[in-house]
Amino acid sequence: MPELPEVESVRRGLEPYVVGRSFAAVEVHHPRANRGQEAPLSALLVGRKIAAVARRGKFMWLEFADEDHSDPARDVLFIHLGMSGQVRIGEVDSPHVRIAAVLDDTTRLSFVDQRTFGYWRLGPWLSMAHIAPDPLETDFDLTAAGRRLRAKRTVVKAALLDQTVLSGVGNIYADEALWAVQISPLKKASALRQRDAVAVISAAADVMRAALAVGGTSFDALYVNVNGESGYFDRSLHVYGRGGQPCERCGEEILKTVLGGRGTHYCPSCQNRGVGRKSAAN
């Protein structure tokens, strides 16, 4: 699933094409791409002017010029990429185009989604108010986020993925952040010292900034930016996807386990803070 750097790459790519433009036509080619919307998407969007492309964590939306942007109940267009969603500029020759839109300057937007977990939905911004701030926001409160992380009774890896603690961190960047600060993903979040909780979140922010600088992480053709280009942060990963390979820091074999249904990669030797070595290897 696209994480913060991948979604932000799409947001930045989309912004110059759509801000100040209005929807001229919208066609939905698959019902799941507009699920939960009672009225036809074309009736809801045609004629509306786009004022901004916004994002929090993994969630992206379009703001409209005819809405009060300070009103939490304002309508926005949520564009959720799901597991494999892409927003592409121009016509795309693919059987997986789920939504096709045309703007008033003839710019075409294609929503391509092979696995159909993504969607476009018009609704109140308030519906995502429970999503926590993300570490790349300018006014992000690192101390408060550290306290939220320590308040969770799960292991720290699961707590990092909780979008009510901080948003935008997924499997890839959680593993990389924990490796960077040498903390085991199996350690209880509630057992972290405040300085360690802050260090983990700071590391997550650092690794996501580095990923964003190279367009995010692409393991296959399912994640590309608006121009169809892949990111290449996968070349810089230290632990994620490296199960069975030697740790770049200590040489120990990287382990892969499953936590909460998610594949988790870590070094049982140098990421041994907070759990015994025997527990870390199980």
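Including glycine, each Cβ sits where the backbone N, Cα and C put it.
What Swiss-Prot records for Pro2 is active site, schiff-base intermediate with DNA, and it gives sequence analysis as the kind of evidence. Pro2 (active site, schiff-base intermediate with DNA) falls outside any helix or strand according to DSSP and counts as coil. Around the Cβ of Pro2 (active site, schiff-base intermediate with DNA), a 10 Å sphere holds 26 further Cβ atoms from the protein chains shown.
Sequence-distant contacts of Glu3 (active site, proton donor), defined by Cβ-Cβ distance under 8 angstroms and a gap of at least six in the same chain, are Lys58, Gly168, Val169, Gly170, Asn171, Ile172, Tyr173, Met208, Gly216, Thr217. Feature annotation from Swiss-Prot assigns active site, proton donor to Glu3 (among others).
Feature annotation from Swiss-Prot assigns active site, proton donor to Lys58 (among others). Within 10 Å of the C-beta of Lys58 (active site, proton donor) there are 23 other C-beta atoms, taking all protein chains into account.
Every protein chain shown contributes to the tally, and the Cβ of Arg115 (DNA binding site) ends up with 13 other Cβ atoms within 10 Å. If you look up Swiss-Prot, you'll see His96, Arg115, Lys152 marked as DNA binding site, on the strength of sequence analysis.
The zinc finger feature in Swiss-Prot is assigned to 238-272. Nonlocal intrachain contacts for the zinc finger (238-272), taken as residues 6+ away from its ends with a CB within less than 8 angstroms of a stretch CB, comprise 154-155, 157-158, 161, 171-172, 175-176, 178-180, 182-186, 219, 280-281.
Under the three-state DSSP scheme, Arg262 (active site, proton donor) falls in the strand class. The Cβ of Arg262 (active site, proton donor) lies under 8 Å from the Cβ of Lys157, Leu161, Asn171, each on the same chain and at least six residues away in sequence. As annotated by Swiss-Prot, active site, proton donor applies to Arg262 (among others).
According to DSSP, Lys152 (DNA binding site) sits in a coil region rather than a helix or strand. Broken down with DSSP, the zinc finger (238-272) shows 0 helix, 12 strand, 23 coil. Between the CA atoms of Arg115 (DNA binding site) and Pro2 (active site, schiff-base intermediate with DNA) there is a gap of 13 Å, rounded to the nearest whole number.
When the Cα atoms are compared, Lys152 (DNA binding site) and Pro2 (active site, schiff-base intermediate with DNA) turn out to be 24 Å apart.
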